[in-house]
Amino acid sequence: MNPTALMIMLLSLAIGTTMTLLSHHWLLAWIGLEINTLAIIPLMTKTPHPRAIEAATKYFLTQASASALILFSATMNAWKTGEWSITILSDPYTITLSMALMMKLGLAPLHFWLPEVIQGIPLSTGLILSTWQKIAPMTLLLQISHLTDLKLLITMGLTSILIGGWGGINQTQLRKVMAFSSIGHLGWMVLILKFNPQLTLFNFLLYLTMTAAMFFSLMSISSTKISEISSSWPKSPILVTTMMLVLLSLAGLPPLTGFSPKLLIILELAKQNTLPLASVTMLASLLALFFYLRLTYVMILTLPPHIPPSSTHWRTTKNSPLTAAMTTLALLIFPLSPTFLLII
């Protein structure tokens, strides 16, 4: 892609998200979401492949439907209450706005577009779609968290955790695995949204860090299939080892970063006297743990750990400082969790 066009698109992404973050007015928030949607579509189609065109079309139709529902609900709410403020909502429109924002995020059962879209686009665009594009809808959801329906959030959260686990088990494509991982993590965030929005924000920040670290690592070794990462050890043993640890962090195993939000969410659910919900959530997360462990097994345990004697070009990988920084954060934040919670 032309560097000037690329810069314009990335700048538009930044402007759209910033506009939504700074707005108190539904129309301004909607405009920011629309700028975001339109700016990422050229990035999806920078490789003119039929699958990329199909992914961009699916993404546009889904996001346009969700945006239309947001605009309709906000307009009807303004007609009823006389206010365009994000934090002032009347009863029926709170549910429609919540559903539209969850559709933009890709929460189950409104998740069908997400795996197909991420599978059809390059890893770099998949990184943007899995991290940056989630910021604006999640911020709006956090702002209306005190008005949302608790039963709706619990249903959507549990469904997303289950679908995220079931969907990822049988996949051979790494981008689809990351898509179902995203659905599962968003389910954890929505589940606790009404009880403790600060914990949702904390979980979201750690999700962004871990997902970015995983995508940067996959981009470094140019792998999109499980069969490709199974032979990555000879190319870069250290990078593959850290990738394995990032996967275990995404799974939520102690003492890695990903354990922190899961522990705090289960404790919060127990504090709210919802022990059956906490139990079901922990059991559902075992599904996701299975496919993360399957990936780590394929990466590390199916080939003997040997370093090749020659240093031919195809064996070397380009590791950026950003990959190292994100991987470090994705593995070692757990001891700093109380500090981050105080800041939030």
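From the backbone N, Cα and C atoms, a Cβ is placed for every residue, glycine too.
Within the listed segments 108-128, 150-170, 171-191, TrEMBL records transmembrane segment for the stretch 150-170. A contact between the transmembrane segment (277-301) and the transmembrane segment (150-170) is present, since 3 or more of their C-beta pairs, 6 or more residues apart, lie under 8 Å.
Counting C-beta pairs under 8 angstroms (sequence separation of 6 or more), the transmembrane segment (322-343) fails to reach the transmembrane segment (150-170), with fewer than 3 such pairs.
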